[in-house]
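Engineer: Pulled from TrEMBL, these are the listed features:
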| type | residues | note |
| --- | --- | --- |
| DOMAIN | 43-294 | domain 'G-protein coupled receptors family 1 profile' |
| TRANSMEM | 27-53 | transmembrane segment |
| TRANSMEM | 60-76 | transmembrane segment |
| TRANSMEM | 96-124 | transmembrane segment |
| TRANSMEM | 136-162 | transmembrane segment |
| TRANSMEM | 204-230 | transmembrane segment |
| TRANSMEM | 242-264 | transmembrane segment |
| TRANSMEM | 276-296 | transmembrane segment |
Amino acid sequence: MQPYAPNWTHVTEFVMVGFVGVHEARLLFFILFLTMYLFTLVENLAIILVVALDHQLRRPMYFFLTHLSCLEIWYTSVTVPKMLAGFMGVGGGKNISYAGCLSQLFIFTFLGATECFLLAAMAYDRYVAICMPLRYGALVSWATCIHLAAACWLVGLLTPILPIYLMSQLTFCGPNVIDHFFCDASPLLALSCSDVTLKETTDFLVSLAVLLASSTVISVSYGNIIWTLLRIRSAAERRKAFSTCAAHLTVVSLFYGTLFFMYVRTKVASAINFNKVVSVFYSIVTPMLNPLIYSLRNKEVKGALGQAFSLRSWKGQ
């Protein structure tokens with residue numbers, strides 16, 4: 001933060017430097033991230049298509065999975081196309097307007113918060129299925145699923161309103177270079193000429209509230225699941241029951257591990273380049289891995305994919 005002077009010019013456009021030091025390898029990075037982006041789109045669209053076409057997958061678990069796949073497509077599309085344009089340096093690819101920057105941050109935060117709540121809803125679904133199977137149809141009805149999904153999207157949409165409003169009240173008077181590949185809060189605050197104490201505190205509390213609320217639901221759900229599994233005497237039955245939630249638990253571990261590191265930390269941040277690597281992991285790598293995790297560790301999804309795309313190799317793995 002710099003002291004504000006009345007005669008300074010307000011910034012109307014930012015320049016995102018992306019990954020410094022990779023200029024000579026920018027084509028390689030462009031191809032790498034473009035491949036990952038396209039792979040993410042194809043995977044998640046395949047999940048959505050398969051669930052829509054296969055009547056056996058029209059169950060609450062896969063209803064939430066399609067919402068997650070839709071979200072992952074939008075999540076990566078908010079940042080990756082702009083980053084790819086920056087690598088090529090065409091058409092002002094590294095430049096973004098002030099309004100565009102705040103819009104990107106709003107949508108990215110909205111989708112990130114929504115994913116937290118969707119993962120919590122999916123954990124609740126697994127909890128009821130394993131711990132209270134006889135009441136599953138009553139507790140996780142289609143009406144309940146629709147209400148849960150709508151609540152996830154609504155609360156996710158409300159999450160960034162106050163943080164973005166406070167960001168819009170800050171003064172940016174130069175420099176206008178964002179040391180990141182998208183408009184994240186931390187590098188933006190570093191450029192502000194205003195006092196950012198209130199904004200930093202709000203960001204911390206909002207992030208903490210989202211992560212704690214959703215992770216508490218997940219922890220309680222899996223705590224009860226583990227307790228129920230331990231009471232099952234048959235090892236085969238335990239493995240069968242756990243296999244229904246293994247993929248979700250893996251996805252949760254990947255997503256929350258990086259989010260807790262990035263957004264619930266002290267003011268003294270880690271090295272900027274390391275933060276960029278972590279950002280790549282949760283904003284690009286994780287959305288690409290999620291469909292693979294769900295398909296490779298779920299026999300029903302593998303079978304449906306094989307049937308839909310006539311890939312017999314998927315069957316029997």
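Including glycine, each Cβ sits where the backbone N, Cα and C put it.
In the displayed structure, how are the listed features positioned relative to their neighbours?
Structural biologist: Note on the transmembrane segment (27-53): residues 19, 62-63, 65-66, 69-70, 72-73, 76, 80-81, 83-84, 87-88, 284-285, 287-288, 290-292, 294-295, 301, 304-305, 308-309 of its chain, located 6 or more positions outside it, place their CB under 8 angstroms from a CB of the stretch.
Beyond the transmembrane segment (136-162), the same-chain residues lying 6 or more positions past its ends with a Cβ under 8 Å from any Cβ of the stretch are 60, 63-64, 67, 105-106, 109-118, 120-121, 124-125, 128-129, 202, 206, 210.
Taking Cβ pairs closer than 8 Å, the transmembrane segment (204-230) reaches residues 113, 116-117, 119-120, 123-124, 126-127, 130-131, 159, 162-163, 238, 241-242, 245, 249, 252, 256, 259-260, 263-264 in its own chain, all 6 or more past its ends.
Listed as Cβ neighbours of the transmembrane segment (276-296) (distance under 8 Å, sequence separation of 6 or more from its ends, same chain) are residues 19, 33, 36-37, 39-40, 43-44, 46-47, 65, 68-69, 72-73, 75-76, 79-80, 108, 180-182, 184, 247, 250-251, 254-255, 258-259, 261-262, 302, 305, 317.
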Engineer: Counting only residues 6 or more past its boundaries, what in the same chain has a CB within less than 8 Å of a CB in the transmembrane segment (60-76)?
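Structural biologist: Those are 37, 40-41, 44-45, 47-48, 51-52, 107-108, 111-112, 114-115, 118-119, 121-122, 125-126, 129, 140, 142, 145, 148-149, 152, 244, 283-284, 287-288, 290-291, 294, 301, in sequence order.
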